[in-house]
Ligand code: G3I
Ligand code: 9MR
Ligand code: ZN
């Protein structure tokens with residue numbers, strides 16, 4: 001058996017807050033364990049794990065050990081006889097400060113159109129990329145500026161809807177937990193007054209403006225080359241022509257939602273910018289009104305990059321209406337919310353394709369006074385009920401997260417973090433801190449307390465992802481990957497050639513491989529990082 005499979009004591013490899021429950025998950029046969037101070041070698045706690053249970057999604061029998069009694073700051077690991085040891089972890093007052101900074105800094109590394117300088121990017125510096133004009137698909141003579149923003153993922157495409165989700169998560173984090181955002185990351189633009197999270201999101205907002213058709217207000221679905229470049233191609237060497245794919249209703253709805261949100265959040269810092277955001281949101285909304293019934297986006301025949309297909313645009317419209325109402329107070333938008341909310345789409349989802357949850361959260365954050373009382377009550381009740389369902393599910397699962405076996409899909413770590421966000425939204429509206437405890441369990445999973453004993457964030461944790469499907473990390477000849485990137489995580493559907501060959505028959509939560517070829521399990525994206533920023537911010541206030 002390899003050393004890797006022997007590591008059966010799993011913990012959050014970053015650490016645990018001083019107060020609160022501290023739990024490790026074991027998959028060995030022994031139940032006695034000890035917590036050891038890493039520096040001195042002193043045993044600080046001896047305990048025994050519970051009787052154990054079989055966890056179907058993970059395919060293992062596991063038992064849990066509680067070491068909450070350890071409440072002295074320090075760096076520890078958990079050991080058992082037979083030479084078993086967990087990754088090291090800290091117990092401290094603010095264990096997640098650096099993690100939050102790293103998750104935010106990732107967006108700097110994702111930046112497009114600018115040089116990443118040694119001063120800010122260290123070994124991961126590279127020259128400016130994708131600075132040429134983009135061709136509007138189907139109109140070869142129409143070429144427009146399209147520089148800036150963030151690359152989507154391990155590829156260099158820039159996709160409007162996913163970009164909006166990523167910004168939304170971070171602006172929401174800032175709105176709910178502003179005190180978590182006082183430290184500089186730092187960024188080249190850090191000025192000591194505008195929070196860095198807003199400066200970084202502005203990079204993507206500035207690019208999003210360029211995705212709006214000035215004539216109609218509609219928003220181009222994405223900006224990409226015709227096909228993906230090779231895996232070792234650095235951004236500045238990816239020089240094929242860039243194309244704006246056609247306008248879509250989902251992109252336009254997401255754009256209106258995020259711009260209306262930005263108009264509100266940026267107003268205290270830059271009123272002119274806020275006005276620009278609101279005007280852009282209004283124009284996008286007009287397009288939606290003029291186009292009530294449009295087919296979902298599909299890739300044009302020559303374009304094979306990420307499709308982000310989504311046949312239902314009602315949720316994006318609902319989010320847009322709710323944000324526009326919250327920001328402007330205009331009755332026309334309230335009426336739109338009241339109509340759209342009656343349609344069938346998920347009201348509590350936060351995925352790139354299911355944006356209804358953002359609409360619900362915006363409507364609730366706007367306050368009961370401004371709301372239709374009955375709708376306010378039912379949305380609040382629905383959100384809390386959904387969080388209760390997630391919490392109950394988490395109690396069923398061995399690794400204490402809300403994913404069932406069938407939920408380990410492409411980008412399952414987004415679901416882990418989105419569900420944690422939803423739990424935290426429920427905490428915010430109900431005041432029940434039990435939801436936060438459950439959300440924290442989701443973070444523990446992401447950071448290593450999972451069946452593979454892996455931290456899914458590059459650069460964070462003793463056993464962190466090392467080989468993400470991320471072109472700059474493959475092409476840069478630097479041993480370590482770009483840090484702070486959240487990997488997609490297990491996908492039981494086995495959606496790439498590498499996993500088809502290597503992971504047949506694995507249990508759902510083990511359908512992951514830390515190999516650069518596995519784009520369906522080990523790619524990284526901006527919208528997998530962003531909900532993690534939200535979750536970590538809650539615990540950094
Ligand atoms: O929603 C269904 C669910 O009902 C079903 O039970 C489950 C079974 O597999 O599938 C779910 O759909 C999955 C969908 O994601 C849900 O989000 C699809 O199987 C899965 O193939 C699809 O994966 C998407 C993938 O692109 C392929 O289209 C990922 O969400 C999406 O994050 C990913 O995005 C790519 C971009 O295209 C290009 N850039 C990189 C990025 C990350 O890999
Ligand atoms: O590298 C691509 C990755 O960024 C995408 O998310 C993924 C799914 O669209 O596709 C990857 O490209 C692969 C292509 O789809 C199939 N041939 C192998 C490519 C990876 O090297
Ligand atoms: Zn670029």
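Note that Cβ sites are derived from N, Cα and C of the backbone, with glycine treated the same way.
These figures come from a predicted structure and were not determined experimentally.
What TrEMBL lists as domain 'Cellulase Ig-like' is 7-80.
Marked as domain 'Glycoside hydrolase family 9' by TrEMBL: 96-535.
What TrEMBL records for 514 (among others) is active site. Long-range neighbours of residue 514 (active site) (same chain, six or more residues apart, CB within less than 8 Å of its CB): 454, 465, 466, 467, 468, 487, 522.
When other Cβ atoms within 10 Å of the Cβ of residue 523 (active site) are tallied across all protein chains shown, the result is 22. What TrEMBL lists as active site is 523 (among others).
With DSSP classes pooled into helix, strand and coil, the tally for the domain 'Cellulase Ig-like' (7-80) is 0 helix, 38 strand, 36 coil.
The DSSP secondary structure for residue 523 (active site) is strand.
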